[in-house]
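For reference, Swiss-Prot has these:
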ACT_SITE  ASP49  active site, proton acceptor
BINDING   ASP49, GLY50, ASN119, GLU120, ASP149, ALA157, THR160, ALA161, TYR162, ASN163, LEU164, SER165  NAD(+) binding site
Amino acid sequence: MYQPQPFVTRLAFKCSDRPEAQEARERLAARYGDVGPENAQVIVALGGDGFMLESLHEAIASQTPIYGMNRGSVGFLMNEYSEDGLLERINAAERAVIHPLAMVAIDARRTQHRALAINEVSLLRQTRQTAKLRISIDGKVRMGELVCDGALLATPAGSTAYNLSAHGPIIPIDGRVLALTPISAFRPRRWRGALLPQSARVTFEILEADKRPVSAVADNFEVRDAMEVHISEDRGTSLAMLFDAGRSLEERVLAEQFSA
């Protein structure tokens with residue numbers, strides 16, 4: 001999971017639209033230089049977890065490692081903010097490599113929509129009526145009918161986000177599993193979800209779709225009126241996040257399981 005990296009000297013700074021993030025970017029760029037994302041060895045993201053997610057999506061093509069510092073409200077994926085010794089911190093950082101989920105959603109017009117999700121792919125009811133979903137794993141029907149507000153498939157990195165709020169399990173970052181979690185399940189009432197191997201191919205079929213429309217969301221990419229949703233891990237895409245020594249993502253995931 002953790003790999004050594006070459007000595008880093010070229011940084012690109014990105015920031016959210018929060019004033020404190022923009023002010024931090026100006027100071028850090030003046031102090032350490034700013035080469036632009038295309039020439040950077042590491043991208044420094046200044047904001048919260050939402051901005052980190054956005055930055056990871058933008059780095060999919062280049063796969064440039066990202067070191068985040070918290071200048072937002074939620075900073076689970078971010079390092080503590082400090083302007084001192086930034087190059088030393090980055091060069092001593094631990095690297096967590098993650099793989100996104102690849103979603104193919106087919107809507108009511110039979111149009112295919114493709115997107116990648118770093119945290120989760122979620123299916124959500126669009127109206128007051130519950131959704132009805134059929135779930136297949138590797139071509140075999142495992143749940144004939146799930147009556148619910150929705151369901152999601154989360155990566156280890158995303159297991160502490162929406163998945164945790166939906167009472168799904170927290171997965172160690174190097175866990176070779178995905179979390180399949182129902183959202184407010186009505187039937188079967190006692191079903192709490194499942195842990196699937198990372199190689200699993202998951203298919204959701206939306207039942208009674210005309211009466212009970214469902215949207216499919218890959219992080220922030222939404223497909224309305226979904227009919228079928230196919231999800232698998234994209235092992236060909238690797239994204240790297242850098243964390244201060246002793247504060248790795250693995251340690252944060254472990255600590256989260258003992259938080260009040």
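Just so you know, glycine gets a Cβ as well, placed from its N, Cα and C.
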Which of ASP49, ASP149 (the recorded positions) has the most other Cβ atoms within 10 Å?
ASP49
Give me the CA-CA distance between TYR162 (NAD(+) binding site) and the residue listed as 'active site, proton acceptor', in Å, as a whole number.
12
Pairwise Cα distance for THR160 (NAD(+) binding site)/the residue listed as 'active site, proton acceptor' [Å, integer]:
11
Reduced to three states, what secondary structure does DSSP give ASP49 (active site, proton acceptor)?
helix
Spatially closest candidate among ASN119, ASP149, LEU164, the listed binding-site residues, to the residue listed as 'active site, proton acceptor' (Cα to Cα):
ASN119
